[in-house]
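What follows is a short report on a single structure.
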């Protein structure tokens, strides 16, 4: 028995991407944006295929991502930001709602929506995941978006 395997390729040449980034913890967000843009360009895309939307914080990411997704102008939405644990339970609420909200946007709109939002215990961990020791999670989120766009085109 031969099973047909369908998977996405890593070709960004003919796709349009919206980056939706939280301005809270902006210097981390900017590093994630740089990683996402680098990924798209390395995989055949260009900066002309990318639009950058900035929102106040991680809680606003899902609503902006949905507005962008339903516009029909983009093949994928890449959400980026950093939620860093503080002394109160605010972190848990924002991290959970941002995660659930972004996931729901993908289900509601049926276009790829990826999650490049860091949820870390401290600033050092966020810096590590925004381009130092642990790679750049913005790059990773863009890579997933590229693959998902190409997979969706085959379904």
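Residue positions begin at 1 at the first shown residue.
Backbone N, Cα and C define each Cβ position, glycine as well.
Look at Swiss-Prot and you will find 90 tagged as active site, proton donor. Following the DSSP three-state reduction, the secondary structure of residue 90 (active site, proton donor) is helix.
Residues annotated as 5-amino-6-(D-ribitylamino)uracil binding site in Swiss-Prot, with sequence analysis given as evidence: 24, 58, 59, 60, 82, 83, 84, 115. Around the Cβ of residue 115 (5-amino-6-(D-ribitylamino)uracil binding site), the number of neighbouring Cβ atoms within 10 Å comes to 21.
If you draw a 10 Å sphere around the CB of residue 88 ((2S)-2-hydroxy-3-oxobutyl phosphate binding site), it holds 8 other CB atoms from the protein chains shown. Swiss-Prot lists 87, 88, 129 with the feature (2S)-2-hydroxy-3-oxobutyl phosphate binding site.
Across the structure, residue 60 (5-amino-6-(D-ribitylamino)uracil binding site) and residue 90 (active site, proton donor) place their CA atoms 15 angstrom apart. In sequence order, 118, 120, 135, 136, 137 make up the list of same-chain residues 6 or more apart from residue 129 ((2S)-2-hydroxy-3-oxobutyl phosphate binding site) whose Cβ falls under 8 Å from its Cβ.
Of all Cβ atoms in the protein chains displayed, 27 besides its own lie within 10 Å of the Cβ of residue 82 (5-amino-6-(D-ribitylamino)uracil binding site). Sorted by the number of other CB atoms within 10 A, the binding-site residues 58, 83, 84, 87 start with 87, the lowest.
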